[in-house]
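Student: OK, TrEMBL features for this one:
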- 121: active site (ACT_SITE)
- 345: active site (ACT_SITE)
- 481-495: compositional bias 'Polar residues' (COMPBIAS)
- 103-460: domain 'Peptidase A1' (DOMAIN)
- 468-504: region 'Disordered' (REGION)
- 1-25: signal peptide (SIGNAL)
C-alpha cells in the first residue's frame, strides 16, 4: 500500500531507531529527530539559539507542518511564471508548399475581435495584416481550400460560417487608434510633413521584391494566460499593427496572405510590447513538431536543463537573434574554418550557409554518402538513392559557442519525380556574405526559447504540447501602475524633426486581481483547509 505524504509527516514526528545487525554481531543505531520536536528545541538551545514550537497537538502545530509542506513543494516545482498564448490556442500550423512552407497561428485582434491566420517570423519585428487593401493577396476560401477542414475543426461550422481569411479594418474596431508621426515608434516620422500625420511604414524582407507597406495603428491582441498564481484567463494586450494596404513579391503569391507576426526583438514587436507592458518577461518559445504543427508561448524561459547559446551583435548592434556557429559537422567530421554568424529565423523555410562554407559542407557530405549529385529546380544538392536502397545519410550538427551542440534532426527532404523516383535533397542553400540563416527545417523537433531578457537562445528536445483556447472569464487589465495604453506616452515621444529615442521600459508590476485570480485564491484556500482537516483526522486516529 502506498504511504501518503501526510502519513510520512506523522511517522517522522516520532523518534525512530534504525538498527543494522552485522555478521560480526555489532549493532549500529541512529536517532532521527523531527525538526519541530522538543529534542530539536534542546539541540538549538545548546547551540545558543532560542527556538520555540507550538504544542504538538495544537492547530498552530498542524499549520506549521502544512506550511513547511507547501515550501517543499515550491522548492521541487520551482517558480511558476505566467505564460501567454493566442486566444485561439497555442498551436501553430504548417501547410507545406500550399502556403510557402511557413508556420502559422490564429490570432484575434480588435473590438469586436476578428481572426487572422498570420505567419510567424522571428527575423522581422512588425505585426502587419491585410488592411484597406490596394494590393493584397486574395482572401477568399476558394483560393485556400486546404484551410477549410482546419477552420471547421477549430471554429465549428455553427460558429464560423464564412471560412474566408480576414481583412483588418480599423474603422470596425472600437479599440483601434492610429499612431501619429510624432510617436517614438514611428520610424518614418522624419519623412512626414506634419507630426500629427498618420505614421506610415514600409518593411522589406529577405525574399526578392517582397514587402509590405501602409500605416501603423494601435489595437488589442487577445491572449490567454496560464501558469503563475493565476487561473487560466483572458488578457487584452495593446500592440502596434501595420495596416498593410499594399504587399509585393511572395506576399502576393501564396506566402502569408493574412499577414505576418514579426517576433524579432525590436521595440515594435509583439514580444517586446508584452514585456514593456509588464505582462511577461521579454522571451517567447517556438516548438516545431514532426506532425506539421507546433506551439508558441510568450514569456516562456524553457526548462532548466536546456542547452543555451548567447546572442551576438552585428556591427555592434543587438537587433536580431544571431548566434555564433563555431563549426558545421557532418558525421564525425567538423569542417575546418567553418565558423560563421547565423540568424535564427522561423520565417525562413530552409537553412542558408555562406557560399564558401556551403561548398565545404556539401563536399564532406558527398564523401560520406554513396550518391551522385543532381540539381532539381531551385535545390542544387539532391541525390537519387542507389539500387541498394536508401541513402546512407550521415548525422549533422551545428557546434555553437561553448561547445553547445545543435543536432539537426531532419537535414534532408524528398522530392518525387512523378515517375516513381524519389530524390533526397539537402535542406541547405548558399547565401552571399558571412551571415547564414538557421531556418525552420533545422528547428524541427526542438523547443526553442528566444530569451532576449538574458540574451540567450535555448533549445531542448521536446514534443510540442498544445494548450487550448480562451477560458470564459473576464479579460485581465494591464498590470497595476500602468495605464490602459502601455505604449510610450506623449512625454516619451520624440520632438518633431528629432531622432527617435528608445522607449522607456516599464517594470514588471504585479497584475491587479481579476475574477480569475480571486477564484484561484479561493481554490487554494479550500484545498489548504481540506489538507489541514485530513492531518488533524489522522492524528486523532493515532
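Positions of Cβ are set from backbone N, Cα and C atoms, glycine also.
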Student: What is the number of other Cβ atoms found within 10 Å of the Cβ of residue 345 (active site)?
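Tutor: Within a 10 Å radius of the Cβ of residue 345 (active site) lie 25 other Cβ atoms.
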Student: Using a Cβ-Cβ cut-off under 8 angstroms and a sequence gap of six or more, which residues of the chain neighbour residue 121 (active site)?
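Tutor: When sequence neighbours closer than 6 are ignored, residue 121 (active site) has 102, 260, 261, 262, 263, 264, 345, 346, 347 within Cβ distance under 8 Å.
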Student: In this predicted model, what is the average pLDDT of the domain 'Peptidase A1' (103-460)?
Tutor: 87
